[in-house]
Amino acid sequence: MNPQAKLIFTTSLLLGTTITISSNHWILAWTGLEINTLAILPLISKSHHPRAVEAATKYFLVQAAASALVLFSSMTNAWHTGQWDITQLTHPTSCLILTSAIAIKLGLAPFHFWFPEVLQGSPLTTGLLLSTAMKFPPITLLFMTSQSLNSTLLTTMAIMSTALGGWMGLNQTQTRKILAFSSISHLGWMAIIITYSPKLALLNFYLYTLMTAAVFLTMNSMKVLKLSTLMTSWTKSPALSTTLLLTLLSLAGLPPLTGFLPKWLIIQELTKQEMPLMATMISLLSLLSLFFYLRLAYCSTITLPPHTTNHMKRWHVHKPVNTQIAILTTLSIMLLPISPIILTIM
């Protein structure tokens with residue numbers, strides 16, 4: 001892709017996100033979401049492969065439908081209350097429509113079907129944007145309207161997302177699809193807590209972004225798109241494979257890694273809200289996704305490729321250390337001891 005074009009699209013992404021997260025008026029927030037959608041489409045379809053074009057088409061249709069619902073819910077609220085302010089969303093029907101619209105935008109179950117397909121058709125770097133940056137504006141809208149949302153509906157969606165994200169990721173062989181189902185599962189944890197402790201949901205999103213960015217950039221550096229390629233990556237870059245193992249375990253939420261912090265705090269908050277059953281259910285359902293994280297970790301480090309592999313062996317090259325990956329991986333693994341400081345800042 002032309003560097004100038006790439007610069008324009010990246011700037012538009014930043015602009016769209018900034019407009020949405022800093023606006024108080026529904027029309028401005030909707031405009032930011034639309035700019036974001038239009039800016040990411042060329043980045044998804046830049047390879048001109050039929051699957052990439054298909055992914056871009058699916059993404060456009062889903063996001064256009066969700067944006068229309070956002071506009072519809074805000075107009076319904078304005079019609080009944082005379083308010084266009086985002087924080088003044090008080091009409092029950094508007095709240096219901098908005099929750100559905102944001103769920104479609106984020107890929108929360110039962111509106112999750114588009115996300116794995118779109119991620120599978122995109123390059124790894126665009127996949128990283130779709131999994132992290134593109135979810136920030138909708139999460140912000142949920143954060144701003146959290147006091148008006150229906151907590152029963154969000155809890156149901158959250159349990160479904162964690163269950164389906166774990167269940168459907170079990171038999172996948174493509175790393176991008178596995179990361180897509182991982183994202184759906186993590187969104188469940190954010191959705192269940194957003195009405196009770198919005199700041200905790202945001203903290204979860206930040207840490208999820210950190211860990212997912214580390215995984216995507218590591219896989220991009222090793223050129224890994226499926227599990228069979230991951231199995232031969234140990235001989236090519238042992239250090240990267242080791243850090244990938246730890247980052248994946250952190251994504252799974254195992255102590256004493258960073259990923260354990262949000263899960264621990266969310267379970268604690270749910271117990272305080274007298275929802276021990278939901279806390280137990282979401283904890284048990286996250287064991288499903290633990291299985292495929294362990295499978296990825298096993299493939300990246302422990303499995304030695306058999307001698308009868310039908311694909312090329314990779315040369316062991318001494319590439320310079322990627323600073324971004326080094327910083328992100330360190331943060332993805334070692335933030336748990338400083339959790340009191342993080343909580344003070346939040």
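Quick reminder: no glycine exception, Cβ is built from N, Cα and C everywhere.
Taken from TrEMBL as is:
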- 23-288: domain 'NADH:quinone oxidoreductase/Mrp antiporter transmembrane' (DOMAIN)
- 56-76: transmembrane segment (TRANSMEM)
- 96-115: transmembrane segment (TRANSMEM)
- 152-171: transmembrane segment (TRANSMEM)
- 178-196: transmembrane segment (TRANSMEM)
- 202-219: transmembrane segment (TRANSMEM)
- 239-257: transmembrane segment (TRANSMEM)
- 277-304: transmembrane segment (TRANSMEM)
- 290-343: domain 'NADH dehydrogenase subunit 2 C-terminal' (DOMAIN)
- 325-345: transmembrane segment (TRANSMEM)
Item checked: Chain residues outside the transmembrane segment (277-304) and at least six past its termini with a C-beta under 8 angstroms from it -> 155, 158-159, 162-163, 165-167, 169-170, 172, 175, 178, 181-182, 185, 188-189, 192, 227, 230-231, 233-234, 241-242, 244-245, 248-249, 251-254, 263, 266-267, 270-271
Next item on the list: Select the range from 56-76, 152-171, 178-196, 239-257 that forms the most Cβ-Cβ pairs under 8 Å with the transmembrane segment (325-345).
Entry: 239-257
Margin query: Restricting to CB pairs under 8 Å, which listed stretch, 96-115, 152-171, 202-219, 239-257, is in contact most with the transmembrane segment (178-196)?
Written below: 152-171
Check: Quick one: mean pLDDT on the domain 'NADH dehydrogenase subunit 2 C-terminal' (290-343)?
Finding: 79
